[in-house]
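The next block holds one structure in the form of structure tokens; read it before the comments.
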């Protein structure tokens with residue numbers, strides 16, 4: 001076979017890459033090759049696929065260039081057997097993308113690049129293991145979307161993982177190892193760190209490590225690299241500590257042993273139990289209880305069931321696998337948070353994506369279990385995608401376009417006269433996954449042997465399925481244990497033992513509750529379902545097989561939306577030798593990967609095809625007959641004119657809707673001519689577009705102003721309608737709608753909200769006040785103001801009586817009211833009166849001054865000021881002392897029944913008054929009336945509230961000096977008096993005033 005000969009020659013000369021069309025074939029060299037240096041990167045950067053010799057860099061550059069040029073997402077599918085070099089290929093692609101981006105050296109982009117690269121070290125540490133075929137085999141599937149901005153720089157990404165082989169945590173085949181992290185911890189950590197984890201360096205001392213190989217790889221360097229990667233990705237110190245504590249705890253769990261003594265199950269080596277509990281930060285008793293018994297909730301009843309040794313061993317292994325699986329998922333979610341795109345949604349619209357799929361290859365081991373079944377099913381789906389996109393569509397397109405073509409046969413896993421392999425696995429009700437799920441749901445004792453019997457019954461006529469029961473003469477299969485599936489890569493014998501439990505993926509709820517209540521917040525957060533009540537009935541989760549099937553179908557759907565590029569990895573031998581090329585082994589891979597059919601299709605076909613419309617749109621600028629627009633016919637005529645002018649007629653074919661180009665040289669020549677014309681066209685387009693943008697912006701601004709105006713009117717109208725609807729029944733409510741939540745106004749209605757609230761408050765006030773005559777409304781208003789100012793700090797303030805205001809004008813209050821009236825009229829007309837309109841309040845008072853003397857006086861409150869008048873004996877003469885109400889700083893009153901009030905002035909000489917009657921003590925409280933009148937006028941003048949102090953003692957300033965007024969109740973005192981004592985002012989009142 002010629003193609004196999006070419007692969008052999010390339011391998012021997014160190015050329016490990018070749019092409020089949022746009023599919024890159026990579027042969028694992030099993031040695032370091034110097035073809036990934038910066039010089040090689042520069043040679044492939046920005047070049048067409050066929051300009052240089054075959055290389056994976058060319059595939060990476062093509063996948064990177066298409067999103068920038070066409071705004072179309074791409075993906076790179078890396079496939080091949082285990083050990084063929086898929087993981088290394090994905091790392092090389094990442095290295096290339098990191099090298100050709102961020103020319104400007106932006107910090108954020110550099111951070112994303114570092115995270116993308118460093119994440120590989122962590123994923124390999126916790127997701128890779130040594131197998132018999134590969135020292136660094138990926139034991140999980142990985143699909144990474146790398147997000148690029150419009151300039152082509154990486155700005156984010158996300159990693160999706162598929163089916164971690166968690167059974168490897170508790171069991172390994174001969175010659176294989178557990179995941180790398182266990183060996184890196186024992187061989188790379190410092191002695192002090194191992195001491196904290198109660199570990200020793202010898203892996204053979206741990207059951208979860210001593211079942212397979214003890215080979216030493218590069219664990220010390222890898223441990224340092226993993227911790228360095230943790231730091232780069234932003235893992236906190238306590239998060240890294242939690243990760244290694246969990247790894248150590250799993251090793252201790254593996255060494256826990258159970259023994260039945262007199263029908264009681266006991267743990268014989270409690271030192272490992274104690275260490276595991278310490279590392280998981282749970283109590284030793286709780287861990288012991290969860291391992292040896294479990295709680296069952298049924299019908300609202302809670303029962304306790306004790307395990308036997310076999311059940312305890314199963315539970316312990318299930319716990320170890322589940323802890324590791326949750327840890328791995330948590331690590332990936334943390335990595336995703338570090339590389340998530342941090343821009344806005346508007347910026348994300350212009351982003352494109354390159355997907356890189358590095359997923360497990362086809363596996364045939366000496367003993368194949370549930371994991372190999374799922375892995376091989378995944379490869380069947382990917383092979384189907386390759387066939388559909390590369391082979392079948394290629395031939396169907398030639399036929400559809402009317403291009404002369406000789407049909408080539410290929411092995412189609414999907415469209416077949418018989419039931420084919422993909423349907424064998426995933427078909428509803430009849431496929432193997434459906435049969436497994438049905439067995440998991442069955443009542444009673446269902447074993448793996450029962451499951452195999454159900455498969456034999458439903459699949460007995462399937463051409464790709466067989467078992468010893470169906471074919472008794474097939475001695476290769478074990479009776480009631482094995483079944484065979486004929487995959488595209490060959491026959492695989494699966495051992496049914498363990499299929500049922502692995503598909504159920506059962507973990508007792510006791511373990512989930514135990515770990516959720518761990519004192520380690522990171523570990524607790526990995527088990528949120530542990531917070532559920534023990535009696536809560538939960539929906540049965542999907543089986544592991546169904547979940548994997550769904551994820552693979554979603555993956556295929558995602559890949560189908562992107563333009564694919566393929567890297568097919570070939571394993572030259574099974575000995576990991578850099579000099580041996582096993583022809584038979586390679587030929588088998590070439591056949592089942594569909595490469596032969598791909599060669600035949602490409603050899604007979606064309607390297608490039610494109611619709612006439614898109615081809616003419618891309619290359620019309622290189623011909624004078626097609627630029628700027630071709631008007632002498634349709635797009636096909638225009639393409640023909642362009643091709644004939646450039647002399648490429650012999651190398652193309654014209655289909656019904658597409659042009660087909662056979663040679664890559666023709667495509668390269670077209671691209672070179674186009675690239676030379678682009679700068680001139682860009683300059684012209686910039687001029688035209690900038691002018692058009694300016695005109696459009698002007699129109700948009702005018703339209704926006706009109707829309708904004710109309711929108712504001714609409715939202716305000718809608719808001720008022722909403723208010724009307726909300727308060728429609730308010731007039732029938734006891735509180736007239738006060739309890740109704742006021743709707744939140746739109747942005748355009750915020751300015752109107754205050755006015756609307758005022759209208760509502762006025763209406764509500766009217767509805768409340770209409771019970772009283774209008775003549776009483778002014779007093780009610782003043783009483784509300786006074787109550788608001790005093791705020792229940794003084795129980796008695798005259799709220800029960802009628803307020804008259806100008807008491808000195810009342811003959812019953814003032815026998816010299818005529819002299820008072822005359823004097824007030826004179827004051828009003830004088831300059832000192834400043835033309836006040838009316839007297840709001842007047843009263844006799846006892847005044848105390850800065851000279852520590854008291855005197856009988858009177859005072860009036862007008863609409864603008866407070867005036868001090870002489871007593872009745874001096875006919876209420878104006879004493880030329882007034883205070884503007886708007887200049888008051890506060891008012892102070894006491895908490896008792898006394899009539900003391902202090903007006904605080906900014907001049908540091910306050911007015912200290914005690915209200916009294918003409919002939920002595922007042923028989924009613926007028927303090928509230930006075931406070932209400934002054935506070936109302938202050939608010940009217942200053943549009944703010946006047947502070948009212950209510951306290952048993954009152955601080956004031958007289959003549960610039962700070963004084964304290966102390967109210968004392970004294971027996972035998974009938975009329976209140978002021979006196980001076982030790983720098984303080986004592987206001988003596990009857991004893992009952994202070995009660």
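Every residue gets a Cβ built from N, Cα and C, even glycine.
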Inset, instruction - Among 552-574, 575-597, 598-620, 621-643, find the range that TrEMBL records as region 'Actin-binding'. - result: 552-574
Inset, instruction - Quick one: give me the count of other CB atoms within 10 A of the CB of residue 86 (ATP binding site). - result: 27
Inset, instruction - Note the mean pLDDT of the domain 'TH1' (791-991), expressed as a whole number. - result: 87
Inset, instruction - Compute the mean position of the Cβ atoms of 80, 81, 82, 83, 84, 85, 86, 87, which form the recorded ATP site, and then list in sequence order the other residues of that chain whose Cβ is within 8 Å of it. - result: 28, 134, 137, 361, 569, 571
Inset, instruction - State the count of C-beta atoms found within 10 angstroms of the C-beta of residue 81 (ATP binding site), not counting that atom itself. - result: 26
